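First up is the structure itself, then whatever we jot down about it.
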Amino acid sequence: QICNQHNAEAPNLEQAFHRMAQTEPNLDHDISWFLLPSYWAKMLVALISFLCFANSYDGDFVFDDSEAIINNKDLRAETPLGDLWHHDFWGSKLSSNTSHKSYRPLTVLTFRINYLFAGGFYPVGFHVINILLHCTISVLMVDVFSILLGGLQFSNKGRRLNLAPKTSLLAALLFAVHPVHTECVAGIVGRADLLCALFFLLSFLGYCKAFRENKEGHHFSIFWVLVSVILGAIAMLCKEQGITILGLNAVFDALVINKLNVLELIQKLLHKDKSLENAGLLRKGLLFRITLLMSGGASILYIRWRIMGTGPPAFTEVDNPASFSDSLLVRAINYNYYYSLNAWLLLCPWWLCFDWSMGCIPLIKSISDWRIIALAALWFCLIGLICQALCSEDSHRRRILTLGLGFLIIPFLPASNLFFRVGFVIAERVIYLPSIGYCILFTYGFSLLSKQAKKKKILAVAVLGILLINVMRCALRSSQWRSEEQLFRSALSVCPLNAKVHYNVGKNLADKGNQSAAIKYYREAVRLNPKYVHAMNNLGNILKERNELQEAEELLSLAVQIQPDFAAAWMNLGIVQNSLRRFEEAEQSYWTAIKYRKKYPDCYYNLGRLYADLNRHIDALNAWRNATVLKPEHSLAWNNMIILLDNTGNLAQAEAVGREALELIPNDHSLMFSLANVLGKSQKYKESEALFLKAIKANPNAASYHGNLAVLYHRWGNLDLAKKHYEVSLKLDPMAPGTKENYNLLRRKLEQLQKKGG
């Protein structure tokens, strides 16, 4: 009897699948929304998601794109493909102390393919791929939401049915047009989140396929469970969050496939109830599938840990100040405040910023801080949702709320600071996956309101208004991501206390030559963060160029005092000390820079200039030679070697160095010019002339090029050509040193020749 009773209460899984639509309420029944065929719904989602971010297609490389793409040697053909598996996302060795341990080789591989197909660093191709990825993900969301909101059911022919076409379309549209996704789509570095999301969703859909009834009548397919694990691993190789899909698949299996009542299960476990089988925990295959998922996840994490090494990434206090607090209470309060801000960005994505660190969000140090209200509001809402998810008598509500909370919280866990310190306060990109949970909860809330509302069309118009506002916000935010100037300036009103925002605005202005404005922003960055060594270094550089050497030295000295291993600041301090004619101190600063950065060609170049000023010619040549060994394309070092050897009468050696340099940098006109001067002095006029003409062709407005070619012709006896190039040189630069005197000498000589001829 017991066996018969058990079988009656637990029908096989296939029957459960086919009865799901009849046993659970349909969300679509009460909402006033578009009902479109699946194909047209997906086309609509693809079109709208494309329109939101299309204007970012021709944007520049901005912010982190420089380090992850332009300065990343892993993108270039000369770097072996195998190196991608031993380097982090930024191209540093994972074993390095400076590595962020962000292991995303598949994302870097797509960057490399972009680079190879484009033939260089042209951002259009990179942006187009990001936009298409977001469109693809948004389309997949139609299927994902139809399962999460409507349940999993297959037809007799094994085709999955969409039981919630209206609500799945609404949720997919909410996801497609959410402005918080702009960083992932318009910022090329966001490719990691997009690829991770793509394989994350494919893993989920693959897991759902495991429950399609096969010809043998088996309960599930082990093949598709394993495919889901593999796709989860691929998602993690795109970005670390991807591994969380395995946990979500387990949650989905328990709630949707096996219809577990979590509260009932907990109560039975606490009371050691022997009827756990009736609760569904031991239904055929559930524990086996969860074991497969968990063992697969553990294996993936172990391999990832072995590749990464045991050392955690090194972050500084300015990256994540709360994590450096000694007080556990302060850490807990601020972490929860960060969670509330992330939730607010999902609810009201109006204030968006490329960086939320460096004082953008001041620490909460006391419970009297009014911002504690945000924590209370967050937990009030979460506890309410959790209670409904666990205790509601409506199984449909329990399932949707639990899935919504699961997709909201579980993908966010790697960024929560709970398991390890992360290198940011808030990062909009990490909300890409958790926004799935937000869209589930929003859509379910809309369906509940529609059920109660008498005027459903007004509610539908309000939701349409939200979608339209989000579309416009996406377009506006995408345009801000098109250039660094717009991006950085857009952050000034959102995070005026963020020193990094002011630093980046200043750097952008300095790169454009507006030093006066740059100084203002650098000073503000240093004021907001008195330990901001990079701002001190850049400000010191500008002051050095403006010959304000005293303040420049003070800033750079403070920078190296705060961060003794800051090699760039040591080098710049050496340049200032050299300008102040404190040569011994300058030499010591240069060698300190080289101590902390062994491969530092620019520092060797500046050290060579110091030795040249001190007439230590051998030391100067050795320093410049070191610079060219470390950086063979270091044109200035090659030029200085040629000029020094030329000036000291070592013409043969100067010629040899010049030819060596041109073999390495064949199109450098300054090297052609320097070698042409040497060849002219060696009376190799024909070869010298060819190099001068080639240099002039590359840079026709250089007065010195025409002037020195004129000197060559003057020596060679080609007086008419000499006269022509003297005149061109004087036209380009009337104050060119020596040219006017040489031209006057030539004119007198030509006049004398005319008199003799007459």
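Each residue, glycine too, has its Cβ placed from N, Cα and C.
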| request: State the residue range annotated as transmembrane segment by TrEMBL; the candidates are 286-305, 326-345. | output: 286-305
| Same-chain Cβ contacts of the transmembrane segment (403-424) under 8 Å, 6 or more residues past its ends? | 100, 148, 200, 240-241, 243-245, 247-248, 251-252, 255-256, 312-313, 315, 319-320, 322-323, 331, 335, 338-339, 342, 356-357, 382, 385-386, 389, 430-431, 433-434, 436-438, 440-441, 444
| DSSP-assigned states of the repeat 'TPR' (533-566) in counts, ordered helix, strand, coil | 27 helix, 0 strand, 7 coil
| message | When you look at the transmembrane segment (430-449) alongside the transmembrane segment (131-151), do they share 3+ Cβ pairs under 8 Å, ignoring any pair fewer than 6 residues apart in sequence? | response | yes
| Residue numbers, six or more beyond the limits of the transmembrane segment (286-305), whose CB comes under 8 Å of its CB atoms | 103, 210, 220, 222, 225-226, 228-229, 232-233, 236, 243, 246-247, 249-250, 253-254, 257-258, 280
| note | Same-chain residues at least 6 beyond the ends of the transmembrane segment (39-57) with CB under 8 Å of its CB atoms are 124, 127-128, 130-131, 134-136, 138-139, 141-142, 165, 168-169, 172-173, 176-177, 182, 185-186, 470-471, 474-475, 478-479, 481-482
| request: Mind pulling out the one from 163-182, 220-237, 243-266, 430-449 with the most Cβ pairs under 8 angstroms to the transmembrane segment (188-208)? | output: 220-237
